[in-house]
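Let me begin by presenting the structure, written as structure tokens, before commenting on it.
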Amino acid sequence: MDLQLNRPTWTRQIEFTLAGIGCAVGLGNIWRFPYLCYRSGGGAFLVPYLLMLVVLGIPLLYMELTVGQYMRRGPVHALANVCPLLKGVGMASVAISFIMCTYYNVVITWALYYLFSSFQAPLPWQNCNNTWNTPHCTAHATNSSYSGRNQTGSQNYRRVLRWDLFLILLLAWILIYLCIFKGVKSTGKVVYFTAVFPYVILIALLVNNTQLPGALNGITFFIVPEWDKLLSVEVWVNAAAQIFNSIGIGFGSLLAMSSYNAFNNNVLKDTLTISIINSLTSILAGFVIFSAFGYMSHLQGIPVSELAVDGPGLVYVVYPQAFANMPVAQLWAVMFFFMLLCLGLDSEFAMVEVMVTSLMDEFYQHLFKFFKRKELFVLAVCGVAFFLGIPCVMQVGIYVFQLMDHYTAIVSIMFLAFFEVIAICWSYGAKRLSDNLEEMTGKRANIFFRICWIIVVLLVFSIIQFKPARYENYVFPSWAQGVGWVIALTSIIWIPLGAIHTLWVLPGSFMQVTYIYLVSPHEDTVGTTHKIPVISIWCISLTETETVHHTTCTG
């Protein structure tokens, strides 16, 4: 069965656009962007952020969507077709997405937990009269309460997460399954709501926050730059990393979803829509957050710049504490945590879809023979991910979560992205990618994108950096860092393994195979429709359209 010809497509193209927006727009827009902006001097961060969007984010997203749509395959087969020597890049992206989906759903679990708790009056974290409050709990936010011994009610409440999260984690996976078990046909319908609703909440929160005392001071801090901050290399690195992680380059999610596009779909339109809306969402969230910062600085009687703000704490500490001091606190809390649920679901859809798409591409006949129906296979994937995520809801779950996130979403993804750009932009070649675009849409990539594709590998390499994992002020010990590297290796190890397998099955010396597949440009199939060979994970079986450099692997 030719999966390329029989591959399902989105019912309407707008469904892919909404799914792409939902995949790109996530919790990172709500807390990571405002946190980096705050730490980098407010408005000064917007300068490198927008520059990196133009020269890094948009070209790389354009590259991934083009490859996915042209190959009509998930990341494993698409990257294998692009560069056999680096076919492990696609396998690594699948591994990263699966690891991430096991612990990322815990964020949805927390959102559900807080959502259910928000229907109480007063809010559980609104005072310190609960049995689980520590002796140092304070009902009024102060600067020391975010960094010293005293803790606010919202900080205490974050630490009370218990075994009942296990049941909510199960509920979260049930929600995920019900949304995706029919593939793009069901996911395409769900994203109409999950991709749009968060904007309704953000706008409502912004309207409310701007009416609070002190809000204008926070907004001023957000839009008025501290220009001396631009002299710091860290600010530029943070801007590049935020663009990279926010759009989701290298995770394989958008590449997998674009493989269900119509062959002649306008890739550039989707690229610009997804990337620009993603960044505008971050900026909108910035106005919402900094208006809340201004309100909190008014309550504490200190300047906005002196607030002690921790990145992840924005979602489950600072926001709840701000709601506790707002009129109709329950209403705003319910709306906010439901918005987090929608944002989390969109991102989770994409990560699970990467695993499902890749395995269906590779083992379709075997899986169909065993599971009989795709719905049962999706259920099995969700079930395995559910059990692997259980450690994240135990007593020390937040530390497990932080360790996995650091070594997957930061360490692994940077290595993966570097090799993905090498495979597509350098080995496959900007010219050939542009030829593929012309075949699909009738238009070649303009000179700007081709230049960016060539030099972008240097930008990706420049943002690869390592810092030990930490949670708040706690730095993980050496043995935990070792566990983190094992987690990282479970994904990036596929890159060298894939290269070793290619070198093993192809004839010729090491230098010959390396030159053919990594150094010299591929020009033998340019301009032909769907003549790029389908390369198996375990065996490279190439078609007769290839040159004498290629061989057929049997057995």
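Backbone N, Cα and C define each Cβ position, glycine as well.
What TrEMBL says about this one:
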TRANSMEM  12-31  transmembrane segment
BINDING   GLY22, ALA24, VAL25, ASN29, SER246, ASN278, LEU343, ASP346, SER347  Na(+) binding site
TRANSMEM  43-63  transmembrane segment
TRANSMEM  94-116  transmembrane segment
DISULFID  CYS128-CYS137  disulfide bond
TRANSMEM  160-178  transmembrane segment
TRANSMEM  190-207  transmembrane segment
TRANSMEM  235-260  transmembrane segment
TRANSMEM  272-296  transmembrane segment
TRANSMEM  331-356  transmembrane segment
TRANSMEM  376-401  transmembrane segment
TRANSMEM  407-426  transmembrane segment
TRANSMEM  447-466  transmembrane segment
TRANSMEM  486-506  transmembrane segment
Determine which residues of this chain, when GLY22, ALA24, VAL25, ASN29, SER246, ASN278, LEU343, ASP346, SER347 are set aside, have a Cβ within 8 Å of the centroid of the Na(+) site's Cβ atoms, and list them as they appear in the sequence.
ILE21, CYS23, GLY26, GLY28, GLY248, THR281
Below 8 Å between Cβ atoms, which of the listed ranges 272-296, 331-356, 407-426, 486-506 makes the most pairs with the transmembrane segment (12-31)?
331-356
How many neighbouring Cβ atoms, not counting its own, are there within 10 Å of the Cβ of SER246 (Na(+) binding site)?
23
Please report the number of other Cβ atoms within 10 Å of the Cβ of GLY22 (Na(+) binding site).
28
Considering only Cβ pairs under 8 Å, which range in 272-296, 331-356, 486-506 makes the most contacts with the transmembrane segment (407-426)?
486-506
Which same-chain residues, if any, lie at least 6 apart from LEU343 (Na(+) binding site) yet have Cβ under 8 Å of it:
GLY22, VAL25, GLY26, LEU27, ASN29, ILE30, THR194, PRO198
Same-chain Cβ contacts of the transmembrane segment (272-296) under 8 Å, 6 or more residues past its ends?
17, 20-21, 24-25, 29-31, 33-34, 37-38, 42, 46, 49-50, 53, 57-58, 61, 141, 198-199, 202-203, 205-206, 209-210, 212-222, 242-243, 246-247, 254, 304, 307, 309, 314, 318-319, 321-322, 325
